[in-house]
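Engineer: The annotation transmembrane segment is assigned in TrEMBL to B:6-29, B:41-61, B:67-89, B:101-122, B:128-149, B:170-193, B:223-252, B:264-283, B:289-310.
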Amino acid sequence: MVKVRGVSKKYGGKMVVDRVNVDIAKGKITSFIGPNGAGKSTLMSMISRLITKDEGEILIDDKEIGSWKSGELAKKISILKQSNHINIKLKVKELVSFGRFPYSQGKLTKEDWIHIDEAIAYMDLGSMQDKYLDELSGGQKQRAFIAMVIAQNTDYILLDEPLNNLDMKHSVQIMKVLRRLVDELGKTVIIVIHDINFASCYSDYIVALKDGIIIKEGTTDEIMDSAVLKEVYDMDIPVEIIGGNKICVYFR
Amino acid sequence: MSNRTKLSILVGISILLAVIFMTIDVGGHWDYVLPRRGKKLFAILLTGTAIAFSTIVFQTITNNRILTPSIIGLDSLYMLIQTLIVFLFGSTTLTMMNKNFRFILAVGLMVLFAGLLYRMLFKKEGRNIYHLLLIGLIFGTFFSSLSSFMQKLIDPNEFLVIQDKMFASFNNVNSDILLIALAGVLLTGIYFAKFNKYLDVLALGRDHAVNLGISYDYVVKRMLIVVAILISIATALVGPITFLGLLVANVAYQFLNTYRHKQLIAGASLISFIALVGGQLILERVFTFSTSLSVIINFIGGVYFIYLLLKENKSW
């Protein structure tokens with residue numbers, strides 16, 4: 001379980017994340033939603049120790065994030081940010097194999113290769129595993145990075161806007177994979193997501209942030225409600241049930 | 001062609017050039033020529049390795065393939081030290097000074113400067129490496145302005161002595177200094193060994209490196225110290241020569257086409273050796289010392305760079 005207790009982050013005098021408390025349950029997909037500048041990505045970066053918090057504590061499996069050894073934590077929690085520009089020439093397979101670094105420190109064992117091949121199969125990258133990253137399309141690249149995170153085989157997987165710049169087909173494909181990671185492998189997935197309807201269709205729990213604080217959290221069913229969403233986004237969002245899913249029709 | 005073969009070819013060329021360098025035009029005076037040339041060759045090997053090594057490490061931690069460590073201002077500081085000695089005590093002091101002392105003084109001051117710069121910058125959390133580069137750049141400009149100011153004040157004859165120091169030269173390297181430099185490079189290399197495995201991951205960038213469990217700040221600080229020591233040793237040994245690093249590092253990336261730093265560092269060191277021995281041969285045999293090694297390498301390097309840009313202008 002990830003417990004966030006009174007965590008704040010200040011940038012140049014402005015509170016970006018303001019004394020946030022939240023528990024993230026194991027074996028679920030939790031989505032962070034909210035308008036731009038709400039502090040979603042900052043909160044996620046603090047949970048994954050990419051940036052330091054100014055105050056509060058973050059407990060990962062009941063141990064404060066600062067008292068974890070970085071190398072050990074890398075076997076527990078993984079993060080993928082939204083922009084992943086790499087300026088070295090790498091093949092897909094090589095990139096995925098980096099996911100095993102926390103275990104083997106660069107000297108890949110047989111077991112590592114099993115994980116790498118599994119991750120490649122999981123993301124359906126078999127046919128392009130020997131291609132260079134700069135030969136791939138945006139969606140393929142994103143899948144390669146997610147495969148790296150899968151190879152890292154951590155209990156917690158944090159993804160910052162994994163659907164950024166992806167078309168519908170690839171977005172659905174990635175969300176289905178995340179669902180499988182949770183349902184089949186028992187992982188805990190936390191995502192920052194802008195498309196409210198993807199959050200509605202795939203997540204178990206939704207945390208809504210605004211101006212650095214959590215203004216609502218609850219099961220997907222509770223949050224997908226016109227009154228709640230109006231509070232979060234300051235706009236009228238009719239919610240319709242289509243094919244058993246709650247869908248927001250906010251386009252006009 | 002596998003990278004093992006490519007590296008073997010580089011080793012082959014290096015040995016061939018070394019043999020030519022040692023044996024060309026000896027004229028029967030083996031006992032006189034061999035030790036002198038051997039010393040020169042050894043200095044080339046040491047400097048070439050230090051420069052190639054530090055440039056690759058530096059480019060990896062900055063994630064930028066067109067930077068050289070000279071951006072922290074160590075070259076300019078070296079020139080400032082030389083100029084200051086001449087300015088304050090006259091050129092005879094500089095030339096008569098105990099060479100070991102001069103070497104240790106220069107290395108010491110450069111490492112001290114780098115240390116202070118890093119301390120200042122890393123004291124406050126949240127500063128990233130680009131702050132360091134910017135401040136280094138400003139210091140570098142400041143040092144070279146200061147040097148050129150003093151150079152304008154001094155006697156033109158004294159200036160000639162300084163000008164001599166502005167260009168890298170392998171022609172009169174002292175053997176005692178070589179041993180001290182060798183010890184310095186070896187110790188740094190041993191210290192570096194345990195960090196070697198992190199470099200491949202650092203090349204992915206900060207976020208990925210942290211995600212994969214590397215104590216980013218800890219490792220980067222230590223790598224910067226390694227870079228500063230190696231650059232200081234190389235510069236104090238033969239003069240400002242960091243430009244070479246940019247060339248050999250990029251040739252190595254292009255030639256080996258890998259992300260593995262073990263291969264990259266080995267390849268760049270060999271290429272650096274080849275460039276320096278080849279350059280020195282041309283300098284001695286074709287130009288009969290009428291120019292400087294820096295000029296030759298800059299010329300060849302520049303031509304090669306333009307060729308690279310024209311051939312493959314999409315990306316590195």
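Cβ from N, Cα, C; glycine included.
Since this is a predicted model, take the numbers as computed values, not measurements.
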Engineer: With Cβ distances under 8 Å as the criterion, find the stretch in B:6-29, B:128-149, B:223-252, B:289-310 that has the most pairs with the transmembrane segment (B:264-283).
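Structural biologist: So the stretch in question is B:6-29.
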Engineer: Against which stretches of its own chain does the transmembrane segment (B:170-193) lie, if we need a Cβ under 8 Å and a gap of at least six residues from its ends?
Structural biologist: 39-40, 42-44, 46-47, 49-50, 53, 57, 99-100, 103-104, 107, 222, 226, 229-230, 233, 236-238, 276, 280, 289, 293
Engineer: List, by number or range, the same-chain residues at least 6 past the transmembrane segment (B:6-29) whose CB is under 8 A from its CB atoms?
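Structural biologist: Residues 37-38, 41, 255-256, 263, 266-267, 270-271, 273-274, 277-278, 280-281, 285.
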Engineer: So which residues does the transmembrane segment (B:223-252) touch in its own chain, when a touch means Cβ under 8 Å and the partner is 6 or more beyond its ends?
Structural biologist: 43, 46-48, 50-59, 61, 65-70, 72, 74-75, 78-79, 103, 106-107, 110-111, 114-115, 118, 132, 165-170, 173, 177-178, 181, 184-185, 188, 191-192, 195, 199, 202, 264, 267-269, 271-272, 275-276, 294, 297-298, 301, 304-305, 308, 316
